[in-house]
Amino acid sequence: MNKNELGVHVLSPKNCDIDILDNGRTVKDVIDNKIKELGPDNEEPFYVANLDSMYERHLRWLANLPRVKPFYAVKCNNTAAVLRMMSALDIGFDCASKGEIQTALSLGVTPHKIIYAHTTKPMSHIKYACAHGVDMMTFDNEDELLKMSLCHPKAKLVLRIAVDDSKSLVKLSSKFGARLVSVGKLLERAGELGSEIIGVSFHVGSGCTGGSAFKQAIADARQVFDIANLLGFQMRLLDIGGGFSAIGDFQGKFEEFSVIINEALDEFFPPDCGVQIIAEPGRYYVESAFTLAANVFAKRVIFDEMDEDSDGGENSPDRIMMYYLNDGVYGSMSCIVFDPAHSNLEPYLHRVNIKPSRHMRKYRSVIWGPTCDCIDKITDGYWIPELHVGDWLLIDNMGAYSVSVSTDFNSFERAHVYTVVTAETWRALNLSQTFDMPCSYFITKHCIVC
Ligand code: PLP
């Protein structure tokens, strides 16, 4: 552990990989510092993860959806700091595999705070959940019912239904969810097998643009509850899934959807009906918490040979700049290909090397990722001032489906995550407990010490 000039232990990335934003320091200051610290010979990409952003989103959740307990979807971003923060906020976990359950349990999450929310599960994963006391799990078909009755006979089952996802950018009901017409038969089969059905789940699709999808899905869930209750099941859980976002075109949508959801819950599942309401938000909690910093490690200037008037000189309008970043589609930015809810990335120049000015000449630019594949293109037709090898670009809102989806294709290193939090949040949530600090902390005039 480091000591400062007063001889006290200083909380630093070296001893706990988390940095406290004290004395008005911002995320951008931390990025400046990291770039300086890394120096010219170490240009690996990195993220700065801001725990305060997750805390703000949680407060916004509590204010808008007070009846709905969030179970964070681990798949969206499985960084240890993110999961620890969710734990500190007393959020549950939606895990999709044995590996995700293992990760959650290894952080001290209690099994009853986990829902194994995947309707098609390998038997070995079901057995693992059973052996570790993770009982709540979803299903949507008879084969899965059979598997679960064999591998986890005491499981508490949640029937996932297919819902209208036509207003969502990622349409999950094409792959998952029982149709309403087949629900009766499925529940009867569950009764024959002696399975315990406790509730219904749905997912309106990621990047949902229309709140009416939630209303219809909640009404559909009510129908399934009524059928299940008639068959003698003790129905007590409604899981309204994910699909929430609050950035870009989705700004304000969270509040708009919340009003619709609250009204539908009050109509179909009034507060005194004894049904617990949960959700599985992923993107909503982490999307704005991560900023990615990537380095321009190579550059090519090319000329449009079709333009006869071109002299190929500096002022030719046909110069196209090609930049190569050390992170791309195979790394943090697979969202460009796989995530229609976040496919437009707008990297911007970090301020260390150049002071941006409005009068700077702009060039048509193409930004590529580092691998040998030409699908590894971050943006095209992007008009920006000239960049130089060694410049750093930043991309905001990179928390969702980035870290957890990245590969090290061509053996390019995955971006490292540095975590920051303000002193107020650190104290308010007593994060020294959650982040396994080696000792307690207190604040001096100039620094946080632990
Ligand atoms: N729950 C399930 C079962 C999912 O498949 C997903 C995303 O694919 C989520 C929750 C998280 O969705 P979102 O990130 O849109 O909140």
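Glycine is no exception: its Cβ is also placed from the backbone N, Cα and C atoms.
Noted in TrEMBL for the protein shown:
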DOMAIN    52-286  domain 'Orn/DAP/Arg decarboxylase 2 N-terminal'
MOD_RES   K75  N6-(pyridoxal phosphate)lysine
ACT_SITE  C372  active site, proton donor
Nonlocal neighbours by CB distance (under 8 Å) for K75 (N6-(pyridoxal phosphate)lysine), same chain, sequence gap 6 or more: D94, A96, E100, G282, Y401, S404
Within the predicted model, mean pLDDT of the domain 'Orn/DAP/Arg decarboxylase 2 N-terminal' (52-286): 97
Surrounding CB atoms that lie within 10 Å of the CB of the residue listed as 'active site, proton donor', all protein chains: 8
